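> Just lifted these from Swiss-Prot, have a look:
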BINDING   Cys14, Cys18, Cys30, Cys33  Zn(2+) 1 binding site
BINDING   Cys149, Cys152, Cys170, His173  Zn(2+) 2 binding site
BINDING   Cys163, Cys165, His179, Cys181  Zn(2+) 3 binding site
COMPBIAS  41-68  compositional bias 'Polar residues'
COMPBIAS  75-94  compositional bias 'Low complexity'
COMPBIAS  95-110  compositional bias 'Polar residues'
COMPBIAS  120-133  compositional bias 'Polar residues'
MOD_RES   Ser49  phosphoserine
MOD_RES   Lys204  N6-acetyllysine
REGION    41-140  region 'Disordered'
ZN_FING   8-42  zinc finger
ZN_FING   143-189  zinc finger
Amino acid sequence: MAQETNHSQVPMLCSTGCGFYGNPRTNGMCSVCYKEHLQRQNSSNGRISPPATSVSSLSESLPVQCTDGSVPEAQSTLDSTSSSMQPSPVSNQSLLSESVASSQLDSTSVDKAVPETEDLQASVSDTAQQPSEEQSKSLEKPKQKKNRCFMCRKKVGLTGFECRCGNVYCGVHRYSDVHNCSYNYKADAAEKIRKENPVVVGEKIQKI
């Protein structure tokens, strides 16, 4: 009879339609679909949520551990800040040396500034004197240009001839032999010849 019942049972497919063979023990579903079905039931009933006792125990233990570990860290940070706030002797010495050097530089700059101010005052006084001299020169009457012949007192204007003796003559009295010129032309010519033709002298023969 048992053999007949085994032969009569035909394998059935999964009731969810996934394509696998189902099992009557799992409500006609395959093993995968049955596990998913159980997970859905557990999630709907809230059985997956963790127990409150474990969460509360963890929440109580964690703050205690954090506070215990944070105390030495806070103390170490306070110690480090206090040590950093205390002035070191090396920094004090460096500050003193810098202040002394800055005071010396200030004194030298003041000493240098005094001669500079004196020089500026002297230059200002010189510049003040120069305009006064220029004004005095400008006040002097300009020399009148000679526009008349020295011999006949005729107005010559721009057509006058200025001689080397320093006088102006007309076209008639411009020659030196006419107005008895006092300029020494011979001496001037001799001087020019001396300058243009220097004397060339050979080296002296050294006697043995």
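Glycine residues also receive a Cβ, built from the backbone N, Cα and C atoms like all the rest.
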> Can you tell me the three-state DSSP label for Cys181 (Zn(2+) 3 binding site)?
coil
> Whole-number answer please: how many Å between the C-alpha atoms of Cys18 (Zn(2+) 1 binding site) and Cys163 (Zn(2+) 3 binding site)?
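Rounded to the nearest whole number, the Cα-Cα distance is 141 Å.
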> If you count Cβ atoms within 10 Å of each one, which of the binding-site residues Cys18, Cys149, Cys163 comes out on top?
Cys149
> Which of these recorded positions has the least crowded Cβ, counting other Cβ atoms within 10 Å: His173, His179, Lys204?
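Taking His173, His179, Lys204 as the recorded positions, the minimal 10 Å Cβ count falls on Lys204.
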> For the Zn(2+) 2 site given as Cys149, Cys152, Cys170, His173, which other residues of the same chain have their Cβ within 8 Å of the site's Cβ centre?
Arg148, Phe150, Met151, Arg153, Lys154, Val156, Tyr169, Gly171, Val172, Arg174, His179
> List the helix, strand and coil residue totals of the zinc finger (8-42) as derived from DSSP.
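The zinc finger (8-42) comes out at 16 helix, 4 strand, 15 coil.
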> Say you check the Cα of Cys33 (Zn(2+) 1 binding site) against those of the recorded positions Cys149, Cys152, Lys204; which is nearest?
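Among Cys149, Cys152, Lys204, Lys204.
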> Please work out the number of neighbouring Cβ atoms within 10 Å of the Cβ of Cys14 (Zn(2+) 1 binding site), leaving out its own Cβ.
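A 10 Å sphere around the Cβ of Cys14 (Zn(2+) 1 binding site) contains 19 other Cβ atoms.
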> Setting Cys163, Cys165, His179, Cys181 aside, what same-chain residues sit with their Cβ within 8 Å of the center of the Cβ atoms that define the Zn(2+) 3 site, listed in sequence order?
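In sequence order, the nearby non-listed residues are Phe150, Arg164, Asn167, Tyr169, Ser176, Asn180, Ser182, Tyr183.
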> Checking the contact step here: among the recorded positions Cys14, Cys152, Lys204, which have a Cα within 10 Å of the Cα of Cys181 (Zn(2+) 3 binding site)?
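So the list is empty; none.
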> Specify the nearest of the binding-site residues Cys14, Cys30, Cys152, Cys170, His173 to His179 (Zn(2+) 3 binding site), where nearness means the distance between Cα atoms.
His173
> Using the Cβ centroid of Cys14, Cys18, Cys30, Cys33 as the reference point for the Zn(2+) 1 site, which residues of the same chain not in that list have Cβ within 8 Å?
Leu13, Ser15, Thr16, Gly17, Gly19, Phe20, Gly22, Met29, Ser31, Val32, Tyr34
> Near Cys170 (Zn(2+) 2 binding site), which residues of its chain come within a Cβ-Cβ distance under 8 Å, counting only those 6 or more away in sequence?
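Within the chain, Cys170 (Zn(2+) 2 binding site) has Cβ neighbours under 8 Å at Cys149, Met151, Cys152, Lys154, Val156, Thr159, Gly160, Phe161.
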> Just to be sure I understand: of Cys14, Cys30, Cys163, Cys165, which binding-site residues have a C-alpha no more than 10 angstroms from the C-alpha of Lys204 (N6-acetyllysine)?
none
